[in-house]
Structures are given as C-alpha cells and as structure tokens.
Amino acid sequence: MSKTHLTEQKFSDFALHPQVVEALEKKRFYNCTPIQALALPLTLAGRDVAGQAQTGTGKTMAFLTSTFHYLLSHPAIDDRKVNQPRALIMAPTRELAVQIHADAEPLAQATGLKLGLAYGGDGYDKQLKVLESGVDILIGTTGRLIDYAKQNHINLGAIQVVVLDEADRMYDLGFIKDIRWLFRRMPPAAQRLNMLFSATLSYRVRELAFEQMNNAEYVEVEPEQKTGHRIKEELFYPSNEEKMRLLQTLIEEEWPDRAIIFANTKHRCEDIWGHLAADGHRVGLLTGDVAQKKRLRILDEFTRGDLDILVATDVAARGLHIPAVTHVFNYDLPDDCEDYVHRIGRTGRAGASGHSISLACEEYALNLPAIESYIGHSIPVSKYNPEALMNDLPKPLRLTRSRPGNGPRRAGAPRNRRRSG
C-alpha cells in the first residue's frame, strides 16, 4: 500500500484489542487509510457506521478490524448455540465473499476467532461442515445464507455485529428482500454493531441504513474526481471493423503486467478471449457462464500472475481486490455511468498508478456524453494510424466449455507497431 494513500493516524493509536493490532502489524498495516481513520473511532465507541469511499481505499479492513475488536471486547450472549454465529458479513457476489474471507484469515489466525464462508454455486456440503463445527464470523451471499437459515443450519439470534458490504450493488442485483429477511432473524439494531459500506450512499442506501441500523453515523471519503487522479484515462474512436485489431495492437504496445478487459456481454468477452488466446496471450475469461470452481481458479491464477489478462463482464467490476492491476481496457463503453468508474477503479488502487483505455466504437460511443458528465471531465482522446494496426493475426479460438481458461503467452519481444497522435 502506497504511503501517499495513508494518513498519519496509526492503528496502534486506537484502543484496539492487542491481538488485532498484532495481526495488523504482522501484515505490515501500521497507518490508516482515510476511511479507516474516520470509521474506527466511531465503531470502537460502539456507534453504527454507514461509510462511503472509492473502491480500493481500505473499506474491507475498516469493517474487519471493527468486527474482530468488537467480538474480542464483548462476551457472546448467554446460552449461545453452536449454530449461532456472532457476526455476519453480507456481500453481493461470491467472489467478494471469498476475498473478504481471505482478508479476514490473518486476523482469525491471530485471535482464534473462527470463520465461516457461505456462497452459492458449489461447495454446499463443504461449507456446511465448517458451519456445523461452529463459527464466530460468517461471511456470505444472501441466497446461500437464507438457504442455511431455513434448514436451521445457522441461527441468527446471537448476532452481535452485522456488516453489509457494497450495499448499492445489493440493490442493483435485487437482493434487498433477502437482506431484510436476514435482518428480521437477528436481534434488534440497538443490540448489534452495524456497519454498511458502499461506493455510493444513494437515497435508497441511506433509507436502508435508517431502517436497519441504530442512528448510523455517515462517513464519506470523496476523491477529487470520481475516477481517481492516479488513473491515466485515454479514449480511442475505432470503427467496428478496426476495433479488435486496435485492442490487440494496444496490448502489444502497452504489454501490461496485469490487465482487465471489460465488455458489455458474455458473448463479446468470449470473442475477445478467443482472439487473445489464439495470439498466445496468457488470458482468462470471467463471465457468469463460467463454473464457480473455475471462476475462483481463474481469479487465483490472475492474482498470482499466472495469467496476464482477464476478460470480464461487469460481474467482476465490483468488489474484487486484485492487487497491482496496471491496465483496464473498456472494449465496450458501459451503458451505466457508474460501471465506468467501477471498472477503471480496478487499477490505480491504494495509491498506485494505473492506465485506463476505452474504445468508443460506433455501437457504444453514444454512452460517452453521459459518462463524461457523470465523472465531471472529458476523457483525453488519442488517435491511431489504421495502417499501423496488427493484421497478421491468427484465427480466433472458439470457446470450449470444458476449458475456458488460458493459452501460453508467446515468447519474445512484443511487436513494435506504434500509434499516431
């Protein structure tokens, strides 16, 4: 984490439980990010918090630190049963739930508190086996949580801490009824520590906070601009016929260490994957059609650096904490202005610099005015020389459902085709 992204406030300055401080320092977390510096004084005083901060600013560690401290500082309720977790962390996607669980593991190891993970798609019996042994902190998606609750595998009557992460995304995905169902099975809001974090604190998110929290304090960390000043933005206007060749030429020129390419449909993503895999790039595909185990494997390979490029729909645009993404390519300009911000927010995180390249083609250029109005500035336009685009490209691979992952990256130096402008 870049020092320029941190405040002067140290975790050790707070009256945090010593085991929590020890775990943080073991991970070399000494200074707070702005959202942590604002939220922790409130949660440590037992106040509910609804926090807004740009993605990549430390929201996850803010609520994990608060959760572990609270459970270590407060006894469990009397007669707590083995199927009653003490804290519940709700996330909108399986990938985000898995990432939160991974971020919580060092704290769990240091404190002895037990973690549970519950998400749909696969692993029902494996997840259930962990729950049956008893967990202190349960992290999951709403559908699987409700499933376990209806089967009496979990009981929410002993919940002391509740976290709702990416609350605006919960609304977007239609999970609000599930959230309310789960809240109704918990103790009253005044008997819990409640935390809500979101990229935006819209009216409907504030309404949810009013409804389910106990006089929540609102904390906001607003960037100077929605897209983050460390992200270099660039825009090209290709024709539909030149769009794929321009993307491949830009990848050869930029040769990104770790890039995410976003497209608006799964079929477009599959097409991009086919072109890049045929050209020898180490590329993975992440769409809703990819099986859950394979999704997690691809994300792990991308995070480890075994894959250099991830082609994704907006299922991956929110909540994923993938370090050191150097480039984001918007192959299609998104229909939703907020998705543009969330997409390019995959790079330039936690004080690092990043590069966002968008292609405004004939099909999606009409989305540009609304995007630029939303972010409050024009995206700098670059020109390219059509004659310099790559044209000696292999025939794209066609996706086989049994193996949508990757191909070996070509050895040797990248082609030297320069763009103009």
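Yeah, the Cβs are placed from backbone N, Cα and C, and that goes for glycine too.
According to Swiss-Prot, the motif 'Q motif' annotation covers 9-37. Here the motif 'Q motif' (9-37) has long-range neighbours at 1, 3, 44, 51, 53, 57-59, 61-62, 65, 68-69, 72-73, 106-107, 109-111, 219, 221, 350, meaning same-chain residues at least 6 beyond its ends whose C-beta is under 8 angstroms from one of its own.
The feature domain 'Helicase ATP-binding' is assigned by Swiss-Prot to 40-219.
Under the heading ATP binding site, Swiss-Prot lists Ala53, Gln54, Thr55, Gly56, Thr57, Gly58, Lys59, Thr60, citing sequence analysis as support. Within its own chain, Ala53 (ATP binding site) has Pro34, Ile35, Lys59, Phe197, Ala199, Glu220, Val221 as residues 6 or more apart in sequence whose C-beta sits under 8 angstroms from its own.
For the motif 'DEAD box' (165-168), same-chain residues at least 6 beyond its ends with a Cβ under 8 Å from one of its own Cβ atoms are 59-60, 63, 89-92, 96, 100, 196-200, 202, 204-205, 208, 318-319. Annotated motif 'DEAD box' per Swiss-Prot: 165-168, in sequence order.
What Swiss-Prot lists as domain 'Helicase C-terminal' is 245-390. Applying DSSP to the domain 'Helicase C-terminal' (245-390) sorts its residues as follows: 61 helix, 23 strand, 62 coil.
Summarising the annotation, Swiss-Prot assigns region 'Disordered' to 396-421.
Summarising the annotation, Swiss-Prot assigns compositional bias 'Low complexity' to 402-414.
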Surrounding CB atoms that lie within 10 Å of the CB of Lys59 (ATP binding site), all protein chains: 27
Validating a neighbour-count step here. Other CB atoms within 10 A of the CB of Gly58 (ATP binding site): how many? 23
